[in-house]
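S.K.: The structure's right below; bear with me while I get my questions together.
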Amino acid sequence: MVDVDSFIDEATAEIREQVGDEHAIIALSGGVDSSVAAALAYEAIGDQLTPVYVDTGLMRKGETEGIRETFAFMESLRVVEAQDRFFDALSGVTDPEEKRKVIGEQFIREFEREAKDTDAEYLVQGTIYPDRIESEGNIKSHHNVGGLPDVVDFEGIVEPVRDLYKDEVREVARALDLEEVVAERMPFPGPGLAVRVIGEVTPEKVEVARDACHVVEEETEEHEPWQAFAAVVGKATGVKGDNRVHGWIVSVRSVESRDGMTARAQELPWETLQRIQSRITGQNENVARVVYDVTHKPPATIEYE
Ligand code: XMP
């Protein structure tokens, strides 16, 4: 691991030198990588930085409120309410890679507007070392790498955490006094809940996935999974009261992993699984069934799409 304090000193000095008196912009996702990149850049250049958070409607429960609180110290923070535009763009799209593409393009449109509006010359990105490796291997199209620089004519790209691994980014987050919730967050995919609903992305399915993910995160916390979440994977018959219903199937996944490249399905206690089932079916009358995914990676991936 790098020495955290000297890393912060060097990274902020480098940002100051690169950006000078110009203006910079960063897309905040709520994840630890962009949060640390933003905090480093803010420490370096203050309000010359505009952090932009785009609410895609595909974020975790409470994410937007959390962002407003965590980054309240940055007066230049902008929150863009783009939920309707994302759902419109995703209407009728079912292919996983097409979803990623549509989300990436919509994100670029939202961000481009903000960049033009602030006259930003520099783009700050939270790209970390494994992002660069996976992207070069073209394993999955990660929407937080590439794309933006080609569209908006920035003078330069600033990537303060480009050589760090995830655990090193977390260490820097702690040193920067970013709240523990940011430092200890589970990984969350760039396309958000869109890859946790199979088939078309609708507000109803996303809402089911969001509430179910929240339950799974809470109930598995004591078992310290590397990543735990729920996905809406289809429809099935169930009985609610005296009625047969055709409701959603929610699949729960909790995995242990070191870096996400391989993973093991976690052996959760039966009581935990039953509590998760009972909360998810109880909170949403349109969920008919909850299943637990016991597949390791490989052969499965961690996310469903
Ligand atoms: P998979 O599903 O490929 O996921 O086993 C490995 C890790 O990467 C995350 N993931 C993504 N992160 N954009 C991201 O920024 C994406 O498109 C994406 N797809 C998967 C996933 O949550 C897991 O931590």
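Numbers run from 1 along the shown chain.
The backbone N, Cα and C atoms fix where each Cβ goes, glycine too.
Remember, it's a predicted structure, so these values are computed and weren't measured experimentally.
Dumping what TrEMBL says about this protein:
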- 2-185: domain 'GMPS ATP-PPase' (DOMAIN)
- Ser29, Gly30, Gly31, Val32, Asp33, Ser34, Ser35: ATP binding site (BINDING)
S.K.: If you run the three-state DSSP split on Ser34 (ATP binding site), which class comes out?
M.R.: helix
S.K.: If you run the three-state DSSP split on Ser29 (ATP binding site), which class comes out?
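M.R.: Assignment for Ser29 (ATP binding site) reads coil.
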S.K.: Provide the number of Cβ atoms within 10 Å of the Cβ of Gly30 (ATP binding site), excluding the reference atom itself.
M.R.: 21
